[in-house]
Amino acid sequence: MANYKGRGNVMIRSMLLGLYGIINIVCVNGTFINYKDALTKSLIFLEAQRSGKLPPNNRVPWRGDSALDDGKLVNVDLSGGYYDAGDNVKYGLPMAFTITTLAWSTITYEKELRATGELENARAAIRWGTDYFLKCASRKNRLYVQVGDPNADHQCWARPENMKTPRTVLEISDKVPGTEIAAEAAAAFAASSIVFRHVDHKYARRLLNKAKLLFKLAKSHKGTYDGECPFYCSNSGYNDELIWAATWLYKATRNHLYLSYLKFEAISAYVAEFSWDLKYAGAQILITKLIFEGHKGLDLYKQQADSFVCSNLPGSPYHQVFTTPGGMIHLRDGANSQYVTATAFLFSAYADILQKHNQKISCGSHQFDSTHLMAFAKKQIDYILGHNPQGRSYMVGFGPNPPKQAHHRGASVPMHEANAPLSCPLSFVKWYNKNVPNANELTGAILGGPDRQDKFQDLRWTSVYTEPCTYINSIAVGVLAKLAAA
């Protein structure tokens, strides 16, 4: 069903039985939000980010095979995986976080994804990432963490299918530690093993074994890896990734080795954000679920999870995260939408936990229950999908007045011109610096989004507003599934 605008300022819920089951469509201030359509398109965007040999069922007609020789420099097949954003580099840390959060969405909202017909697409998106990471982790005590030269890549504006820039390879090992990425990859493998446990037991077991080995590598050879700087520097250190990985490994194995780590070794912290670089809040909410299920000695994690909510929730006396006049949380310019979708998902997941156990959160003298958390999560998603002062969607190809100039190489270069013999400087003149809509629609991409005053510039060269990222979408999938199937 197409998105369309209606009249009136009341909220109308229309439950329609369509091809894929129940679809929830909401009218907010005259704009109808088709959550099922947004969910479908969110997953299509992830397909647009695929690297390697594309499958026959590829749903993005303007994408083709790319980077088939990745890893050749180190005699390892490193084809596959995802490009993180609008460029053609494969960064291990944000890619692994993309897979972990997509797996979490799929585990938490499996029933809703099945009801909306998107469960298999979500699993396929996860497997595209885990297949790649299995290649990256094919050698003992070593993990390949990046393919491509970001400095060279950023000097050229070319489709991945036609790129000529170097495909250099970076790695971590027991000799060159990189605790953040090793632990994040362990988390991705562990979470994904749960997704495939009852679908492909052999594959799930393989993922879990890799998760255990990588966690051991991360924990035994501690050190921050800065090879991806200045593009994906870990500013938060590695303690959050270690907690995150241990939490997922405990969920996947119920082995008390990982629970013991969380109780006696882990170093946690009070935070107000959840992102590819800062995982504490996600782990704290997962651990809070364990507390409600009867686990002892973990109370600090619940205090920290509650603090995360109190820091973000308007109306809380401890509210500290800036909210725009239009109601969107804003932590910093540059892919701010990642914090919007991440916070929405954590609030949604925590709301489910609170509702199941009939619990509330106390922020000083104020108490909040699951309905408060879910209302805030929904408001953040609705903002992205069109309920905002600009009256426009920030998802490409969806809703009212969606963006046309995503900062994205593949989307902006016309297929029939892609083989033009242009130098890198001229590629920017030809395809980057023109104020025209992209030649190819980057369907489903949630862009960086507006600034602190709800202002947005739909221009390719204003990347802080218009660049998409896989981890913005991956973590939106769960809450979109919940809203679509409500």
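Backbone N, Cα and C define each Cβ position, glycine as well.
The structure displayed is predicted, hence computed values, not measured ones.
Annotation source Swiss-Prot lists signal peptide at 1-30. What Swiss-Prot records for Asn29 is N-linked glycosylation site. Residues annotated as active site, nucleophile in Swiss-Prot: Asp87. Taken from Swiss-Prot, the feature active site covers His407, Asp458, Glu467.
Structure with Swiss-Prot features highlighted.
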residue	record	contacts (Cβ under 8 Å, 6+ apart)
Asp87	active site, nucleophile	Pro150, Asp153, His154, Arg409
His407	active site	Ala85, Gly86, Leu447, Gly448, Arg460, Trp461, Thr462, Ser463, Thr466, Glu467, Pro468
Asp458	active site	Pro403, Lys404, Gln405, Tyr465, Thr466
Other CB atoms, at most 10 A from the CB of Glu467 (active site): 22
